[in-house]
Structure formats: structure tokens, C-alpha cells
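The next block holds one structure in the form of C-alpha cells; read it before the comments.
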Amino acid sequence: MVAGNWKMNTTIPDGVALARAVLERCGAEGTVDVAVLPPFVHLWPVREVLAASSILLGAQDVFWEEGGAYTGEISPPMLAGWCDLVLVGHSERRHLFGETDAQTAHKFAAARRHGLMVILAVGETETERDEGRTVPVVDRQLEAVLAEIDAPPPADEWVIAYEPVWAIGTGRTASPAQAEEVCAHIRAAVSARAGESPRVLYGGSVTADNAAELFSRAGIDGGLIGGASLKPELFADIVAAAALAALAR
Ligand code: 13P
């Protein structure tokens, strides 16, 4: 899977144009699941652009309540049935907006109650890595979610994205070996707990230049792409790299 997290970028007309460009370049992709995650207000118009394609539509966040007095929030029932997936636990939610492991777990569980596919993002800060705490931090983030739900979703209905915080938007990509090591740990930890691991993506300064090497690693099933997802030609090159890696497996 290659998923483009547009974050808080593009106006609606620019987002619709970007979706058209992604459709043009990636619409015929048959090997890799391609997803775009535009801002909330773009979801409906982007859905209209992508309607006849297999490109998945995702939201960047979701709230855990069904409805009520929660100014500014978007609930799972508002998205269910027409939006394919939601991202929860992105490091920008955790670190810029103070979202806790427990809140991320509530969001995950609420999205699943409404049948939404979920991408769960996990990852350590630079300090946590320097202190040798990468594995315990990622384990804690995963466990918070697994403890909240009765049973893990079927492996094809969720995805884990390993995004080291220090690699996001910094141009400092994790080395393929660093990324593979943590992705392999995640896969083993979730398999031990849930039976079968979902796909594990890497995110953090993925570009058209480093994608092929990252995706060639056995434990990395694709990427969650920020900056490069705003440039359709770069995003399409990353999708092509994932398709080649998938064929080589
Ligand atoms: P960049 O690709 O811009 O580093 O962002 C990664 C990310 O946060 C995707 O969710």
C-alpha cells in the first residue's frame, strides 16, 4: 500500500486537481493499494473524482463519539459507507495536539465499530530513540489499541504505519535497515498478539529516490507519504516503486 497523507495542504480546487492528477497517473495500478488522505472538507469532492477508480479515500483523523456537542470534530458515522479508511495516531496528532495513547485507541475502536479500515500510526521521538526506547514506545502505542478492542480486526482491515517522529518532514529518512528492524518487530509483536499481522508501512521523508530501497526490505509493505504525496509525479514514482517491490516478492 502507498497512502498519501496530504496533511493541512491544498485548497479544495487544488485538492481536486491533485486527486485528478493522482487518478491519471495511478488509477490503473493493479498491484498496490493506493490511497489518498485529503483534509476533511475535500473528502466529498475528491470522492467524486475517484468514484470509478480503485484508489482508496481516507480521512486524516476521526473522533471517537458518534455525535453530539463536540465542536469541530468529525465522527465515524459521518464517514462510514463512503470513505474507505481513517488514519489514527499520527505523530502530529500525538505531539502537536497532545493526543494520548488512550485517545488514539478510542478512535481506532470507534472507526472499527463503523466498519472503517484504519491506518494506525506509531513511532518514537528522537530522544526516545537515542535513549534506546524505540521498541518499548512502539509496543506501548500498539498495546493501547489492542487492549481497547475485543479482537484485532482481520489483517486486511487495518494497517500499521511506522513513522519515526524524527524522520517526518525533516528529510532525514530512517535507513532501510532501521525501518526494517522496527517494522519486523511490529509484525512479530502483532502476530504474537493477534495471530496475523496487517501490512506494516514505513513513513518519514519517503521520496521517489529512496522508496525502491525501503520497499525492497522484506518487512516493509509500502509507505505513508507526506510531502511527496502533494506532487503527483513523485507520488506516482513511489507507487511504481512499491509495485516493482511487490512483484519481486
Ligand atoms: P513526510 O513524508 O513529509 O516526511 O511525512 C510523513 C508523514 O507524516 C506521513 O503521514
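The backbone N, Cα and C atoms fix where each Cβ goes, glycine too.
In TrEMBL this protein carries:
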type	residues	note
ACT_SITE	H90	active site, electrophile
ACT_SITE	E163	active site, proton acceptor
BINDING	N5, W6, K7, G169, S205, G226, G227	substrate binding site
Roughly how many Å separate the Cα of S205 (substrate binding site) from that of E163 (active site, proton acceptor), to the nearest whole number?
9
Among N5, W6, K7, G227, the binding-site residues whose C-beta sits under 6 Å from ligand 1
N5, G227
On a simple 10 Å Cβ count over all chains shown, which one of the binding-site residues N5, S205 is most densely packed?
N5
Winner by Cβ contact number (other Cβ atoms within 10 Å) across the recorded positions K7, H90:
H90
Non-site residues, in chain order, whose CB comes within 8 A of the mean position of the CB atoms of N5, W6, K7, G169, S205, G226, G227 at substrate:
I168, I225, A228, S229, L230
The residue listed as 'active site, proton acceptor' versus N5 (substrate binding site) - Cα distance in angstrom
12
Consider each pair of residues in N5, W6, K7, G169, S205, G226, G227, all listed by the record as binding substrate, and report the largest Cα separation in Å as a whole number.
14
How long is the line from the C-alpha of G169 (substrate binding site) to the C-alpha of H90 (active site, electrophile), rounded to the nearest angstrom?
13
Among the recorded positions W6, E163, G226, G227, which ones place their C-alpha within 10 angstroms of the C-alpha of H90 (active site, electrophile)?
E163
Other C-beta atoms that fall within 10 angstroms of the C-beta of G226 (substrate binding site):
22
Count the Cβ atoms, other than its own, that fall within 10 Å of the Cβ of W6 (substrate binding site), considering every protein chain shown.
23
Got a sec? Which of these binding-site residues, G169, G227, has the most Cβ atoms within 10 Å?
G227
Quick one: Cα separation, G227 (substrate binding site) versus E163 (active site, proton acceptor), in Å?
14
